[in-house]
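K.L.:
Structure incoming, see below.
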Amino acid sequence: MSLSAAHSPKLGMSGSFGSSHCLTQAEEANLKLHRKTYSLPKDENSPLLPPSKKPPSPSSVKDIELGQDSPRQKKDARLSKSLLTTIVVVTIGSSLQFGYGTGVMNNSEDIIMEYFQDQGKGYAVIQWSTTVSCYGIGGLVGSLLGPKVIGAYCGRRATLLINNIFLVISSLLIALAPQWWYQAIGRIFVGIVAGIATAVVPTYFSEISPIAIRGAVGTMHQLGITVGILLSQALSTPSLNMLGSQDKWQWLFAVPVFCGLLEVIVLPFCPESPSYLYTTQGKEAARQALTQLQSEAVADEYLGYIEEEIMGANSDNNGGIMSIRELFRDRKLRKQLIVGITVQLMMQFSGIDAVFYYSTSVFKQAGVSDPALATTSLGIVNVIVTIFAVKFMDSAGRKTLLTYSWCGMCASFMTLTASFILKENYNVDYMDQLSVMAMTGVIIFFAFGPGCVAWFIIAEIIPLYARDSAMALGIFINWVANWLVAFSFPLLLHSTHPYTFLIFVASTGYFLYFTLRFVPETKGLTVSQLAVEFDAMPMWTC
């Protein structure tokens with residue numbers, strides 16, 4: 001892998017992350033020599049690269065330089081029965097819950113509000129916005145509760161099992177709510193479930209999967225989310241005659257419980273994260289998990305990666321787990337932290353939540369004949385595209401997919417805005433169809449890029465000793481942005497229509513710039529190899 005133009009030392013840097021200087025010729029020559037041989041950096045403080053570690057053998061230099069895996073990794077980059085079972089169960093039992101919670105309130109807005117109003121109980125627009133946005137508040141709590149509280153004592157697997165307690169509470173509160181604020185509290189618990197899942201599942205998948213298919217396995221989390229969104233939208237669409245009616249809507253919130261029950265039954269028989277086992281039970285326990293998840297042939301090789309990260313923890317952090325406060329103060333990981341958190345923010349401020357939460361309302365204002373069915377159609381597209389993203393994530397690369405995604409999303413939002421303006425101000429024909437096509441474009445390009453990459457990028461670039469803190473911080477900020485978009489967008493839609501989506505034209509344009517300049521390609525690289533990328537990156541940090 002080579003530094004792209006985004007990291008070229010010949011390019012001047014500007015903006016909040018820019019630097020006012022370029023690399024010298026000597027530094028540039030040293031970087032080229034370093035990347036050719038993958039010799040270790042001279043800086044003894046570089047994360048995860050202890051001075052005693054020997055460079056790789058000449059036979060593996062070419063693979064490392066190209067960001068590829070060793071022959072043994074390629075040979076054993078397959079899904080064992082245990083790994084496949086773990087991925088499927090966690091995707092259905094945890095990832096799907098996040099997607100279901102995101103989409104279930106979209107098509108059911110009119111049904112639930114009319115149900116309460118028919119009973120003489122008010123449910124105003126501001127109350128509905130509060131209920132929907134409480135999902136983000138719960139996500140904030142869950143993002144910290146999962147990895148930093150429950151996970152610190154129980155590990156990844158047990159954390160996901162305990163999460164189902166909050167799932168049952170949330171379903172009961174929303175389905176049996178006598179007043180609207182019961183549903184608001186229930187949405188907080190739904191958010192806790194989703195927050196824990198988003199903080200733990202990507203890390204768990206990254207730590208149990210072979211490097212050669214790490215991106216594809218990580219994308220399964222996003223696939224579960226998209227299936228959950230589609231399932232909730234299909235079940236709640238009135239014209240499909242399933243659960244989208246006054247007398248059946250409560251059953252919408254029983255569906256997640258059945259998915260959680262599958263996880264409770266099967267997940268205890270699946271292996272724990274080898275990285276977590278290494279730090280808590282020792283090398284042999286980690287080796288057994290690796291053998292079960294992957295194969296006997298690569299167990300020792302992957303143990304070597306884990307040991308390398310542990311050595312980095314011993315040398316850089318006195319062998320301890322880094323807290324969030326220590327992570328903020330650690331200059332050696334600051335570039336990784338800035339990139340990881342920014343990619344998390346990209347997901348929310350890309351405008352995708354505005355589409356997932358309120359697409360039915362948008363279609364209604366646009367005059368689409370069946371807004372709920374149009375929203376469900378978007379969910380179908382989302383699932384199909386994510387399936388293709390699983391295939392291409394490890395072949396095209398993360399940065400390439402992000403770059404094309406931002407270009408496509410920016411163009412789609414521009415088209416969506418134009419369709420609204422032309423219909424409202426000039427009454428141009430076929431603008432309803434154009435708005436649906438534009439929203440479909442947003443979904444397609446999001447699913448190929450930020451929808452998948454954002455969830456596991458932190459687990460790919462942050463070393464083990466700081467991973468939980470970085471993941472908790474990144475997901476926490478993600479949920480802050482989630483809440484902000486969920487709460488403000490309906491008010492923004494009412495006050496600025498048809499120009500509402502111009503703000504996302506601007507945000508996706510900036511994210512394209514940031515990706516080209518600062519996001520490295522992580523495909524096929526270990527944390528140690530990526531540390532070299534960040535050491536060479538001309539990003540200003542305070």
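Placed from the backbone N, Cα and C atoms, the Cβ positions cover glycine too.
As annotated by TrEMBL, region 'Disordered' applies to 33-76. The compositional bias 'Pro residues' annotation in TrEMBL covers 48-58. The transmembrane segment annotation in TrEMBL covers 82-105, 125-146, 158-178, 184-205, 212-231, 251-270, 337-359, 371-390, 402-422, 434-458, 470-493, 499-519. Look at TrEMBL and you will find 87-523 tagged as domain 'Major facilitator superfamily (MFS) profile'.
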K.L.:
Considering only the recorded stretches 125-146, 251-270, 337-359, 371-390, state which has the highest number of Cβ pairs under 8 Å to the transmembrane segment (82-105).
P.N.:
251-270
K.L.:
Sort out the residues at least 6 away from either end of the transmembrane segment (212-231), same chain, that have Cβ-Cβ distances under 8 Å to it, and list them.
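P.N.:
For the transmembrane segment (212-231), the far contacts come to 69, 73-74, 77-79, 87, 91-92, 94-103, 198, 201-202, 205-206, 255, 356, 376, 379-380, 382-383, 386-387, 389-391, 393-394, 398, 447, 451-452, 455-456, 459-460, 523-524.
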K.L.:
Do the transmembrane segment (402-422) and the transmembrane segment (499-519) come close, with at least three CB pairs under 8 A (pairs 6 or more apart in sequence)?
P.N.:
yes
K.L.:
Averaged over the domain 'Major facilitator superfamily (MFS) profile' (87-523), what pLDDT does the prediction give?
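P.N.:
Computed over the domain 'Major facilitator superfamily (MFS) profile' (87-523), the mean pLDDT is 87 on the 0 to 100 scale.
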K.L.:
By Cβ distance under 8 Å, which residues at least 6 away from the ends of the transmembrane segment (470-493) in the same chain are close to it?
P.N.:
125, 128-130, 132-133, 135-137, 139-140, 142-144, 146-148, 191, 195, 198-199, 202-203, 324, 327, 333, 336-337, 340-341, 344-345, 347-349, 351, 353-354, 357-358, 361-362, 365, 454, 458-459, 462, 500, 503
K.L.:
What residues in the same chain, six or more past the boundaries of the transmembrane segment (371-390), come closer than 8 Å to it by Cβ-Cβ distance?
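P.N.:
Apart from its flanks, the transmembrane segment (371-390) reaches 103, 106-107, 216, 219-220, 222-223, 226-227, 229-230, 233-234, 236-240, 244, 355, 359-361, 363-364, 401, 436, 439-440, 443-444, 447-448, 451-452.
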